[in-house]
């Protein structure tokens, strides 16, 4: 048979072989027992401790414990790396803080030298990260900034025990310029200057100014607070800045920072904040960061009273005429005048200046607030939009009624009075002759046209393009303030509404569809007879159609498509192209001055006679007044 596995017949040392047992007999039976020996030792089995060999079992346990320790060490290393990544992501480096602190305090010049752009702006985070509880245990940064009356302390300490400290005794030996530089290093230099200003002057700087966000906004009046000025420079400021200003109000106080100046300046021309910063930095020898520059409050009575009262005291140096906005709010007479707003005065102003548009009235009247007490009261009102709308509405009513009361002769005379200069009527005559128009026939047609003679109420200027038809007609409409209608709006029911308020009207560049519309709907309008117009927000209005001037490239007076218009239009043909000189200017001046001269010269030929019955003042239509008159009280003996 085969030998059993693992058995070696030659030697008995295998696991299945024979064992050699050697017994050592230390004491035989019957030997006497010594007194020093303990009889119970044999019973404890101490001599059998190493009887069983457990070396292999201990080796296996050691290997298991080593593997567990290695796994634990690897897990601990992994966790440390994860925590370190989070610290690098959310916590600042202590070494960088230390280097920044050391550089800022030891070498400010080294701090100014930088090759790369450093963006120190704070990032906006959606959620605020909670404190992890892990601080900079190896290196600690402590920055203490204390701003008090005379002491300024900045401390930067590290965990190793090194520190850089500035004592109060050293601060007293430094110049005021150094003190103000240290103050400006605070996190909010503007707040520090505002606090120091209120401490010195007893009033907040923001109560005296109205802030301008843009540095490019211009203004003539500016309020300036400057800090850290040398005493000699502060005393000479009034003399240095006088050539640039119309009004100077300067207050000067001293503190631990140096001299502090509060100035109200009115410059000779409007300036922006950037220009003033450059000027004052040059005159006061300080940086722009140590100045507060804003325009003053112009409509604040407490602010005006502050400037008014301090100007009379001995703490201020004043030169020049007091600004009107201070006088208006401090002098008793101006206060009474600003109390009540009168709408009729505003309407009278708009009527006299021919303002009928809401925007023009609001803008122009607001500009009068500095000189007109009623305009100032208008700006103080909370219903400016309603006032402007009511003013424009009333002005249009007065203008419309006045125009209806005037005859054509009176209207032309009124328009001539609006033109100041006298022109040359010959330019218009030369232009008509250049276009081969009989001047006598034109005067006869113009006379019937202005008087609205039936069948002669419409003049057609016909000709090729670029012959000056529109220029001739538009210049006449501009002088007589006529209305313009356009066929492009013919789909609307109200496209003829401008005829409602017009003394004369014009339709430019009539085409075939336009002539077809006129032939179908406006024959009686060309006759000069009463027509019915659809006007917005009103019932149908009946009125006599004003004289109508039409320009066209189609001769409707001879076109067979519209035979009923042949007797209703008076046609003048322009044959030649409008001439210009080498500079591109018109050879013939068709403007208001020449039209004024033309009507003055042909006044009798056009049968434009004035009314014989005039008022007592010698004028058929005296100046319109919508304000109540002031009664004059006489003194009696």
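The count begins at 1 with the first shown residue.
Every residue gets a Cβ built from N, Cα and C, even glycine.
It should be emphasised that the depicted structure is a prediction, and the values quoted were computed from it without experimental measurement.
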Annotated motif 'Nuclear export signal' segment (source Swiss-Prot; candidates 106-115, 116-125, 126-135): 106-115
Integer mean pLDDT for the motif 'Nuclear export signal' (106-115): 53
Residues within 8 Å of the 463, 464, 465, 466, 467, 468, 469, 470 Cβ centre (excluding the ATP site residues themselves): 551, 553, 574, 577, 578
Residue 465 (ATP binding site) CB neighbourhood, other CB atoms within 10 A: 9
Inter-residue Cα distance where the pair is residue 544 (SUMO cross-link) and residue 463 (ATP binding site), in Å: 29
Cα-to-Cα gap, residue 466 (ATP binding site) vs residue 544 (SUMO cross-link), nearest whole Å: 33
Residue 544 (SUMO cross-link) and residue 464 (ATP binding site), Cα-Cα, nearest whole angstrom: 32
Those residues of the chain, 6+ apart, with a Cβ under 8 Å from that of residue 469 (ATP binding site): 461, 462, 463, 551, 574
Rounded Cα-Cα span from residue 544 (SUMO cross-link) to residue 467 (ATP binding site), Å: 32
